Amino acid sequence: MARGIQGVMMRGFGARDHQATVVSTEAITPNLLRLRMVSPTLFEDAVAEPTSWLRFWFPDPAGSKTEFQRAYTMSEMSPETGEFAIDVVLHEPAGPASRWARSAKPGDAIAVMTLGSAGFSVPEDPPAGYLLIGDAAATPAINGIIGVVPHDIPIEVYLEEHDENDRLIPIAEHPRMRVHWVVREDATSLAGAIEARDWSNWYCWVTPEAGSLKHLRTRLRDEFGFPKAELHPQAYWTEGRAMGTKRGDDDKTPEVNPAPRADKPEAPAPAAAGRGNWRAQAAGRLLAPLKTTLIISGVLQAIITLVQLAPFVLLVELARLLLSGASSDRLWTLGVVAISLLGTGSFLAAALTLWLHLVDARFARDLRTGLLTKMSRLPLGWFTARGSGSIKQLVQDDTLSLHYLITHAIPDAVAAVIAPVAVLVYLFVVDWRLALVMFVPVLIYLVLMTVMTIQSGPKIAQSQRWAERMSAEAGAYLEGQPVVRVFGGAAASSFRRRLDEYIGFLVAWQKPFTGKKSMMDLVTRPGTFLWLIVAVGTPMITSGAMDPVDILPFLLLGTTFGVRLLGIAYGLGGIRGGMLAARRIQTTLDETELVIREQTGKRDGEPAVVFDNVTFGYRPDIPVLHDISLQLTPGTVTALVGPSGSGKSTLAALLARFHDVDAGAIRLGGRDIRTLTADELYRQVGFVLQDTQLVGGTVAENIALADPDASIERIQDAARDAQIHDRIMRLPNGYDTPLGAASSLSGGEKQRLTIARAILADTPVLILDEATAFADPESEYLVQQALNRLTRDRTVLVIAHRLHTITHADQIVVLEGGRIVETGTHERLLDAAGRYRQLWETGQRPALATAAGPTGEAVR
């Protein structure tokens with residue numbers, strides 16, 4: 001069958017035919033047909049991810065040997081069985097795809113390719129929301145995206161209605177999704193229907209008819225400010241060209257009054273807002289002060305590159321003069337000029353590098369200062385949501401990546417472009433025929449690179465996800481070595497299995513490219529260019545078609561042509577890495593800071609702590625705490641209990657102002673905590689977390705974090721009260737022993753060290769995340785003694801994980817689903833036979849099971 005130049009090119013890029021056989025057909029709507037197919041080899045190349053699409057070769061309805069290529073997104077896929085489905089819009093008049101689909105029956109076969117398809121995946125740093133725009137043809141891809149978007153991220157779907165049956169197409173479910181149907185009156189209808197609001201940091205998937213796409217791109221870019229990185233446009237079809245045939249006037253889309261879907265009521269519209277900052281443009285904002293400097297450095301590098309090439313040109317002219325018998329004075333003059341230019345080029349290159357290093361040093365100083373200042377104003381919740389590794393990467397590694405971008409990447413990239421272009425121009429002037437030969441290795445390299453890039457397709461994104469996943473798992477595996485070694489191979493074998501899967505993925509991806517990579521390396525070597533120059537230049541010289549001296553510039557400059565071209569990739573790679581680092585840094589600088597509000601008045605006579613109708617959510621419009629009202633009387637212990645995910649830790653974190661509430665207020669001694677500075681707040685509120693943290697420094701410095709000026713006597717008294725003094729004295733240097741990540745203290749000892757820190761801080765209000773949860777029995781007793789001393793005469797809010805530790809609390813608050821469901825003492829709540837009693841009885845069952853004897857009966 002004839003596929004024309006398009007088919008030849010696709011085969012050249014490594015695409016291969018797979019035969020797909022129709023299994024069944026199903027009419028989703030009167031004008032949308034689902035074809036279920038099976039192919040035993042398709043998923044050797046295809047990726048089973050949302051939005052993955054296939055290239056079908058449909059026969060010509062006229063009966064010729066020509067085949068027509070059409071692309072369809074898979075609406076169903078099963079790599080294990082090789083089964084998949086596509087949804088075909090049945091156009092009238094029918095083109096090749098529509099006509100074939102209408103007549104398709106089980107057993108019919110068709111050729112399929114997978115070249116160029118890329119799947120969709122939710123990024124690790126999710127966008128503010130997803131704006132999905134299309135029509136009936138785009139619904140398989142849109143449904144695929146909806147199916148993997150987390151339920152706490154909003155989705156806005158705009159679908160263009162070309163036929164009254166379009167609204168019958170099933171749309172995937174999502175709790176935060178709104179679907180808008182827009183009747184097509186002309187190509188501007190869909191663009192005009194997009195809500196005027198702040199779309200900052202939304203991901204936009206645009207796949208409508210080609211005419212609509214043109215107007216959509218204009219409005220999304222110009223009015224809403226969508227950057228290219230967040231705008232993913234592609235025309236799925238063109239009106240008037242019904243799958244390759246001319247559409248007549250009779251099949252004009254009928255107008256239908258828009259109506260909301262019966263099975264999918266729309267949620268309230270979000271409030272309009274002004275245009276905000278886009279994360280995709282963050283790098284540009286960070287580097288804006290350096291824009292002029294970087295442009296100047298690029299221009300200077302271009303000049304320096306030409307100056308550095310000039311001596312080689314003069315060397316060729318020197319050889320030409322020498323062979324022609326020129327006078328020694330002329331030769332000396334030319335030689336001195338060449339040496340002078342060589343020295344000048346080296347001096348200018350060194351001066352440019354020195355200048356850029358000075359610029360980078362000042363920029364890095366200001367950047368680190370601004371970054372650390374910003375971090376001091378961020379809520380503590382920002383830090384708890386990130387590991388120390390990511391913060392280290394931000395402050396240290398990313399700023400180092402900017403060093404290469406500022407000082408080296410631009411000059412390297414400019415030199416890599418200017419040098420080969422200048423060399424090529426000069427060689428064409430010398431002899432255009434031999435210069436033309438220099439393109440042969442370059443073209444081979446570019447073709448091979450293009451083929452590899454196209455064949456890699458979705459595997460590039462997969463490799464990035466694999467690398468991120470393996471980096472995280474390797475870190476967790478190394479950190480958990482003590483546990484892994486004690487408890488054996490389960491964790492180790494799991495990590496090794498995942499590592500083997502990763503290696504298998506890389507081998508399967510790269511093995512077919514072995515020959516291509518070897519060829520790419522070969523064609524860019526200086527020896528390859530030298531062989532070409534000699535092989536072509538020698539016959540030209542012997543035949544008199546070329547002056548012998550003219551081959552010298554090719555031997556001096558042409559042999560390095562391939563190496564110079566490779567410098568472009570290295571320079572662009574450095575720019576790409578630096579821009580990603582700049583984006584991460586600027587995104588951090590754009591984070592919302594804690595704002596100190598003006599004090600509007602103090603409510604005298606209030607309890608120590610008051611939660612007044614507090615509502616809070618980690619993402620907008622998704623509250624995890626609902627209208628929490630709670631009072632903590634001075635000198636009492638209040639325990640928060642509830643199942644996992646009920647909001648205990650979140651509620652306690654709000655008192656420490658890890659985050660600001662969305663609604664309501666938290667008052668401390670009658671003052672809204674948002675009117676307190678960090679120093680004022682943490683002089684009154686202390687906390688002991690279950691996940692203890694030690695900082696680099698001595699034992700004494702760790703205890704004295706809250707009061708760096710504390711005397712050694714006060715530090716030791718706090719340690720005695722925390723039952724840790726004797727253990728400290730057994731350390732090599734006592735209180736002067738350095739501690740840190742490699743500390744030899746046990747978990748219980750670290751907990752007692754943090755309790756000593758809280759005792760020394762002596763705050764009237766204490767937040768306690770049940771610190772004995774992971775302590776051994778002996779250490780638990782010492783920790784409990786330390787806690788008894790710590791909680792004396794304080795207002796305590798304790799997050800209880802084991803109910804038997806809080807039976808004597810003055811007040812027990814039961815949370816479920818972010819709401820308070822019960823409040824009272826242990827005895828009253830047990831008598832009430834409510835949720836607390838259920839939790840209590842559930843907590844007793846493991847204890848009986850643990851105490852079971854050999855026969856399985858409980859030991860009394």
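Backbone N, Cα and C define each Cβ position, glycine as well.
The record in Swiss-Prot shows matching topological domain names for HIS215 and LYS374, meaning one and the same side of the membrane. Of all Cβ atoms in the protein chains displayed, 25 besides its own lie within 10 Å of the Cβ of ASP87 (FAD binding site).
Spacing of SER649 (ATP binding site) relative to SER98 (FAD binding site) is 57 Å (Cα to Cα, whole number). In this chain, no residue six or more apart from GLY645 (ATP binding site) has a CB-CB distance below 8 Å. Residues near GLY642 (ATP binding site) in space but far in sequence (CB under 8 A, at least 6 apart, same chain), listed by position: LYS648, VAL814, LEU815, GLU816, LEU839. Other residues of the same chain near the ATP site, with their Cβ within 8 Å of the Cβ centroid of GLY642, PRO643, SER644, GLY645, SER646, GLY647, LYS648, SER649, are LEU815, GLU816.
It is SER644, among the binding-site residues SER98, SER644, SER646, SER649, whose Cβ has the fewest other Cβ atoms within 10 Å in the structure shown. Averaged across the topological domain 'Cytoplasmic' (1-293), pLDDT in this predicted model comes to 81. Counted with DSSP, the domain 'FAD-binding FR-type' (15-124) comes out as 11 helix, 51 strand, 48 coil. The binding-site residues PRO643, GLY647 differ in how many other CB atoms lie within 10 Å of their CB, and the one with the most is GLY647. According to its DSSP assignment, LYS648 (ATP binding site) is helical.
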